[in-house]
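Copied from TrEMBL, the annotated features are:
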DOMAIN    509-611  domain 'STAS'
TRANSMEM  107-124  transmembrane segment
TRANSMEM  136-157  transmembrane segment
TRANSMEM  169-187  transmembrane segment
TRANSMEM  220-238  transmembrane segment
TRANSMEM  245-266  transmembrane segment
TRANSMEM  337-357  transmembrane segment
TRANSMEM  363-387  transmembrane segment
TRANSMEM  394-415  transmembrane segment
TRANSMEM  435-463  transmembrane segment
Amino acid sequence: LLQELGSSVREIIFPRGKKHTSSTARQKQQSRAIEFLQGVFPILRWGRDYKASKFKNDLMAGLTLASLSIPQSIGYANLAKLDPQYGLYTSVIPPLIYAIMGSSREIAIGPVAVVSMLLSSMIAEIQDPLADPVAYRNFVFTVTLFAGTFQALFGLFRLGFLVDFLSHASIVGFMGGAAIVIGLQQLKGLLGISHFTTKTDVVSVLHSAFTSIDHPWSPLNFVLGCSFLIFLLFARFIGRRNKKLFWFPAIAPLVSVILSTLIVFLTKADKHGVKIVRHIKGGLNRSSVHDLQLSGPQVGQAAKIGLISAIVALTEAIAVGRSFASIKGYYIDGNKEMLAIGFMNIAGSLSSCYVATGSFSRTAVNFSAGCQTLVSNIVMSITVLVSLEVFTRLLYYTPTAILASIILSALPGLIDIRGAYYIWKVDKLDFIACIGAFFGVLFASVEIGLLAAVTISFARILLNAIRPGIEALGRLPRADVYCDMNQYPMAVKTPGILAVRINSALPCFANANFIRERILRWVTEEVNEIKESTEGGIKAVILDVSNVMNIDTAGILALEELHKELLVHEAQLAIANPKWQVIHKLRLAKFIDRIGRGWIFLTVSEAVDACVSSKLTALANC
């Protein structure tokens with residue numbers, strides 16, 4: 001285990017294929033030390049070639065990114081049921097850590113809507129944010145620490161496949177359901193409702209919204225929020241129609257915050273029912289080391305929520321990073337990304353931040369603004385830090401309806417109707433996973449939606465494993481190639497010989513009996529057909545195991561039972577093109593001795609020729 005771990009760490013940290021040609025041991029040690037540092041901190045590699053021309057692009061991209069990040073971070077903190085400054089804190093430390101350790105050039109790090117909603121919905125069931133906001137905040141920091149730890153461990157142990165359990169179809173459904181739930185929750189901010197449900201299912205949210213109409217609410221709040229929502233959606237539309245105006249939707253949220261704050265301040269609208277943010281604590285991120293709750297009965301719950309949020313955050317970040325990396329033509333190592341994201345969240349949990357990840361909307365803005373490297377994240381982080389020091393007092397009169405409008409304007413990017421239609425058109429089982437995640441989030445909870453998506457994906461995998469494809473093979477005319485007869489109707493069967501291909505990487509306890517019964521059923525059907533037409537029957541069954549990577553004891557027992565059944569029908573079993581793992585286990589089980597070493601072949605064609613020769617020899621002897 002220690003050797004495997006060491007090998008895993010070396011693969012992540014040290015560049016592949018790097019050879020040491022130094023003549024002395026000291027030079028080799030220095031070279032490996034440099035490789036280690038460059039592997040852990042990629043900025044040391046690309047930073048050496050950084051030029052002033054790149055900084056000009058990164059500076060403009062970072063400032064544009066900050067103009068979008070500041071209002072969004074405040075809104076997402078509100079969505080996570082935290083004070084506004086914690087959203088801004090999350091846009092300072094994690095981007096700096098990722099800029100040092102990350103490998104994606106375009107990704108924009110910070111708080112995102114889905115993770116914010118995930119945390120607020122799951123943690124609110126354990127710790128009430130209204131009854132004890134300090135305990136709720138500390139629990140969020142603890143969850144962030146666990147999330148970062150899990151993410152770093154995933155990268156260290158190369159467990160990236162765990163993220164893949166959330167398939168593309170599941171993510172499409174989950175994001176769509178989460179976007180609708182987040183949008184409905186913003187009715188509280190738009191209507192200025194004081195008492196609103198903490199549940200996330202659509203039925204509870206709609207019920208709370210309708211019942212709250214009887215209670216006092218502010219029409220001015222609604223008018224102000226909807227007016228700026230229309231402006232934000234219009235800016236988004238303009239930016240999509242004209243790519244050169246990408247900066248317009250990027251600065252629109254900040255413009256909305258400034259204008260709405262001025263309107264409320266000049267008209268004294270806060271005295272007429274418009275709810276405002278009020279005090280935002282400025283200054284640098286304070287240490288939260290002593291706020292972490294690493295003992296007590298709720299540590300297990302914090303670890304569970306941390307694991308779920310870690311997987312969701314990684315899924316979004318890696319998907320965003322890889323999509324933009326493919327456009328630029330470079331590759332991102334998923335395990336290194338997990339390591340970088342994990343360490344940035346660990347550092348964030350110690351500096352009053354909650355779970356951060358890559359944002360698709362902000363990454364698209366960063367990309368459109370012409371960013372060249374991760375320096376744009378550093379510029380954005382410094383700009384947010386300056387805002388914390390200087391401008392937070394000016395946001396006292398910012399209406400909460402504007403924060404709701406900013407969140408609502410970002411939600412259309414999470415609903416991928418074209419993607420859902422594409423999934424439906426291509427693969428109906430994938431669409432079931434998509435719909436399961438969508439309705440799970442919409443009508444139950446975030447956890448149920450994720451559980452439904454993973455369960456349906458697992459069920460599909462199990463279905464394919466339990467009932468693998470088994471093909472009857474025939475020879476193509478004027479060739480020695482044997483193909484599936486359903487796919488190639490012109491393929492011809494060899495009389496008296498049944499050639500079968502097993503399309504399972506692992507014949508095991510879950511599918512071995514299905515494979516054996518399916519082959520025996522074919523043998524019986526062939527025997528009945530031949531008896532009706534001519535005398536004779538199946539003399540040989542050839543198993544093409546070229547797709548079989550390995551086999552367990554249950555699979556070997558099924559082969560032995562198949563061999564015995566075929567002997568009853570006076571038929572010989574032959575095996576074609578086995579992998580070395582398979583032939584090794586068959587030899588250890590002495591199965592090869594039972595069927596005869598002469599009945600193992602390299603190709604199906606050789607096996608058929610041998611069976612035909614054996615059949616002719618038997619007829620001659622008769």
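Counting starts with 1 at the first residue shown.
Note that Cβ sites are derived from N, Cα and C of the backbone, with glycine treated the same way.
Same-chain neighbours of the transmembrane segment (435-463): 117-118, 121-122, 165-167, 169-174, 176-178, 180-181, 199-203, 308, 312, 429, 510, counting only residues six or more beyond its ends whose CB sits under 8 Å from a CB of the stretch.
The list of residues near the transmembrane segment (337-357) in space but at least 6 beyond its ends in sequence, with Cβ under 8 angstroms from a Cβ of it, reads 12, 80, 82, 86, 89-95, 97-98, 101-104, 109-112, 115-116, 119, 140-145, 147-156, 160, 163, 285-289, 292, 309-310, 313-314, 316-318, 321. Contact between the transmembrane segment (169-187) and the transmembrane segment (363-387) is absent: fewer than three CB pairs lie under 8 Å, with pairs separated by 6 or more positions in sequence.
Cβ atoms under 8 Å from those of the transmembrane segment (245-266) belong to residues 64-65, 67-68, 70-72, 74, 224, 228, 231-232, 235-236, 238-239, 274, 276, 365, 368-369, 394-395, 397-399, 401-402, 405-406, 409 of the same chain, restricted to positions at least 6 beyond its ends.
A Cβ distance under 8 Å defines the sequence-distant neighbours of the transmembrane segment (394-415), meaning residues of its chain 6+ beyond its ends; these are 71-72, 74-76, 78-79, 84, 113-114, 175-176, 178-180, 182-183, 186-190, 192, 221-222, 224-226, 228-229, 232-233, 236, 252-253, 256-257, 260-261, 264-265, 269-270, 274-280, 360-361. In the predicted structure, the domain 'STAS' (509-611) carries a mean pLDDT of 89.
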